[in-house]
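S.K.: Heads up, here are the entries from Swiss-Prot:
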- 1-94: region 'Disordered' (REGION)
- 27-38: compositional bias 'Low complexity' (COMPBIAS)
- 55-67: compositional bias 'Polar residues' (COMPBIAS)
- 76-85: compositional bias 'Basic residues' (COMPBIAS)
- 115-137: transmembrane segment (TRANSMEM)
- Asn149: N-linked glycosylation site (CARBOHYD)
- 153-173: transmembrane segment (TRANSMEM)
- 180-200: transmembrane segment (TRANSMEM)
- 203-223: transmembrane segment (TRANSMEM)
- 240-260: transmembrane segment (TRANSMEM)
- 271-291: transmembrane segment (TRANSMEM)
- Asn319: N-linked glycosylation site (CARBOHYD)
- 329-349: transmembrane segment (TRANSMEM)
- 367-387: transmembrane segment (TRANSMEM)
- 401-421: transmembrane segment (TRANSMEM)
- 431-451: transmembrane segment (TRANSMEM)
- 465-485: transmembrane segment (TRANSMEM)
- Asn519: N-linked glycosylation site (CARBOHYD)
- 558-578: transmembrane segment (TRANSMEM)
- Asn583: N-linked glycosylation site (CARBOHYD)
Amino acid sequence: MSLKHQKQSYQPLPTAAAMDNPAMIQSSGSSGSSSSEEGGSREDVANLSPLGLPTTYSSQQLMPSDTDSMEEERHRLRPHHHHHHPLGEHHHIPGIPPSAVVPSRLSSVGRSQWFTVTVLCFVNLINYMDRFTIAGVLTDVRNDFDIGNDSAGLLQTVFVISYMVCAPIFGYLGDRYSRPWIMAVGVGLWSTTTLLGSFMKQFGWFIAFRALVGIGEASYSTIAPTIISDLFVHDMRSKMLALFYFAIPVGSGLGYIVGSKTAHLANDWRWALRVTPILGIVAVFLILLIKDPVRGHSEGSHNLEATTYKQDIKALVRNRSFMLSTAGFTCVAFVAGALAWWGPSFIYLGMKMQPGNENIVQDDVAFNFGVITMLAGLLGVPLGSFLSQYLVKRYPTADPVICAFGLLVSAPLLTGACLLVNSNSVGTYALIFFGQLALNLNWAIVADILLYVVVPTRRSTAEAFQILISHALGDAGSPYLVGAISEAIMKHLHKNPSDSGLTTELRSMSQVAGSAISNATQVIAEATTSLMETARSSASQEYSDVEQFEGLQYALFSTSFVEVLGGIFFIFTACFIIKDKYNATRGLQDATAQQQQRDERGQIA
C-alpha cells in the first residue's frame, strides 16, 4: 500500500527530515512513479536492515502504520546529504501554526529562537560559575571555618545531593506546566540562597544554604535542554546543544577566575559568592520573556498528552541506550566533579614543591586552571558535536563510540598530570588541558542521545532521571570521597613518615581502585565508612605540604579507573542505540496518531 492510499488522518506529517532529504519530498508529493523506480525502491528496501531508520537525525520521525508503507518510508528517510532542500531554508510542517517554522541553518534561525537560546546559555553559564566559585577559594574557606578535606568536599556533596533529589520533581513539573515560570522561580531561589549563605559565620548554616542552592539549580538544569529540543531538530539541534553545553567548562573556569580574583580584590572570600546572585536576578527577568514552545513542536507533533509518571519511569528503565549512556555520563560527572573541586588545590600543592616555587600564590594557580578549563571547553564541546555530526552519517553508532573514546583517552592523560605536577608545571598544564578536552567531548553528545531515544513527552522526566543517577553516583560523592580518602592517607603518612614512597603508592592506588569500583556498583557507602571515621578525627590536625600533596594525589587516581569504567558503558550503549532510536520514532508516531483520532472525534462531536 502506498502513502497516497492511506486515510488522511493517518497520513504521516512531513517533518524536518525532508529538509535534508529531497527524495522524501518528491516521493510524497508526486502522484505516482515509474515502474522501474518502484522496483529500485523495493530492491533497496530489501537490502535495508530492519532498523533502517535515519540514524543521523536526533529527532523522531513520523512513519506510516502499515507494513508496506513502513518499508517505503524507511527507504525515503535514508539520508541524502549532498542535496539541498527544494523548498528553501525553512520547511513548514502541516498541522502546526504557520509561525512554527523549523530552521535548517544558522542564518534561518529566528530572533525569538536566538533570544531563547542566548538566555538559556547565559543562565547555564552563571549556574556553573556559582557552582565552582567556592573551588577557587577553597583554601580560604577551609582556613576560615577550620575544616579538613572531608568537610571541604562535603560542601559540594550537600549541594549536589539536594540538586539530584529535587531534579525528578522539577522533571515531572517540566513535562506538564509552564517551563519558563518553573525556571524563573528556581533561578531566583538559588540566587537568593547564594547571597544569604555568604553572610553565614557558622559552618553548619553555611553548608545548609549551599544545599538550598542545589534545589534552585535543579529547576533550571532539568528543563532547559528540553526547550532547545522543542525548537530545533537534526544537526541544528546538535549545534544549539553544543552552544548550551559550552557553559559547563566555560562557566566552571569563570567560577575559578571570578572567585579567586574577587576574593583577592576584596580581601575576603565571601565577596566571591556575591557576584553570581546579581547576574541571577537579571536572568530571572530574561527567562520570563522567553516563550515556552509546544512539546514535540519541532518534530511535527503537537498537543501530545503526557502519560503517567509511573509509565514514564517504566519506559525509561527499559530503554537500554538511555540507561547505559546515563551510567557512562555518571562516570563523566564523577571525574568532572572531583577534578573541578580538588584540581586547583592539588596543583597548588604540587607546584609549591618544585624548587623556586615556594612562594607561589594559589590565586594564580586557580586563575591558570580556570583558563585551561575554559579553553578545553571551548574546543572540546564543539569538537564532540562536530565529530558526531560528521561520523554519524556513515556510522550510526558513532555517538556513544565518541564518548567512549573521550573517556579512554582522558584517563591516561589525567593520570600523567597527577604524576608530573610536582616536577614540571608546563607539562602538567598541557596534560590537564588535553585530558579535559577529551572529557568534554561527552557533554553535547550525551544530551543529544537522550533527546533522540526518548519521546518528547518524557524528556524532562528523562533529564531529571539522568541528573538523579549521574549525581547520586557521580559528582555528589566524588568531592567528598576524594577528600575522605586523602584524609585517611594523610593520617597514615603522618603516623608513618617512612611509608612515603613506592610501597605506599601501590597500596594507596589499590585502595583508590577499590573505592572507585565500589562507587560505580553502588556499594560506596560501605567502602568509605572506615575512611570517614578515620578522617573525622583528623580534621583539625596539621599536615605537611608533602603529606597533603600525596594524600590528594593518590585519591585523585580514582578518577582514571572511573573513566575506564565509563568508556565500557558507552561501548555497550553502541550495541543498542539504533534499536532504541527506532523505538522512540515509533512511539512518537503512535502517540501522534492517537492524538489525531481524538482531535477528529472532537471535531465531529
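Glycine too: its Cβ is placed from the backbone N, Cα and C atoms.
Keep in mind that this is a model prediction, so the values were computed, not measured.
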S.K.: Sort out the residues at least 6 away from either end of the transmembrane segment (115-137), same chain, that have Cβ-Cβ distances under 8 Å to it, and list them.
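M.R.: 155-156, 159, 183, 187, 190, 194, 210, 213, 217, 220-221, 224, 227-228, 231, 240, 243-248, 250-252, 254-260, 263, 269, 272-273, 275-276, 279-280, 283, 286-287, 289-291, 340-341, 343-344, 366, 370.
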S.K.: Using Cβ atoms only, which residues of the same chain lie under 8 Å from Asn583 (N-linked glycosylation site) while being at least 6 residues apart in sequence?
M.R.: Asn319, Val453
S.K.: Got a sec? Which of these glycosylation sites, Asn149, Asn319, has the most Cβ atoms within 10 Å?
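M.R.: The residue with the most neighbouring Cβ atoms within 10 Å is Asn149.
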S.K.: Cβ under 8 Å to the transmembrane segment (329-349), counting only same-chain residues 6 or more beyond its ends: which ones?
M.R.: 132, 135-136, 138-139, 153, 156, 160, 248, 252, 256, 360, 362, 365-366, 369, 373, 407, 410, 414, 418, 421, 428, 432, 436, 439, 442-443, 446, 466, 469-471, 473-479, 481-483, 519-520, 545, 548-549, 552-553, 555-556, 558-559, 562-563, 565-567, 569
S.K.: State the residues, same chain only, that lie 6 or more residues beyond the ends of the transmembrane segment (180-200) and have a CB under 8 A from a CB inside it; answer 'none' if no residue qualifies.
M.R.: 123, 127, 130, 170, 173-174, 206, 209-210, 212-220, 223-224, 270-271, 273-274, 276-277, 280-281, 283-284, 287-288, 290-292
S.K.: In the same chain, which residue numbers or ranges, 6 or more beyond the ends of the transmembrane segment (153-173), come under 8 angstroms Cβ to Cβ?
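M.R.: 131, 134-135, 141, 182, 186, 206-207, 210-215, 217-219, 221-223, 309, 337, 341-342, 460-465, 467-468, 470-472, 475-477, 479-484.
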S.K.: If we skip the immediate neighbours and take only residues 6+ beyond the ends of the transmembrane segment (431-451), which ones have a Cβ under 8 Å from one of its Cβ atoms?
M.R.: 58-59, 225-226, 229, 237-238, 241-242, 244-245, 248-249, 321-322, 325, 328-329, 332, 335-336, 339, 343, 347, 369, 372-373, 375-377, 379-385, 387-388, 399-400, 402-403, 405-407, 409-410, 413-414, 416-417, 420, 459, 462-463, 466, 563, 573, 577
S.K.: Could you pull out which residues elsewhere in the chain have a CB under 8 Å from any CB of the transmembrane segment (271-291), counting only those six or more residues past its ends?
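M.R.: Contacts of the transmembrane segment (271-291) (Cβ under 8 Å, skipping residues fewer than 6 from its ends): 112, 115-116, 119-120, 122-123, 126, 129-130, 133-134, 136-137, 180-181, 183-184, 187-188, 190-192, 194-195, 197-198, 227, 258-260, 262-263, 265.
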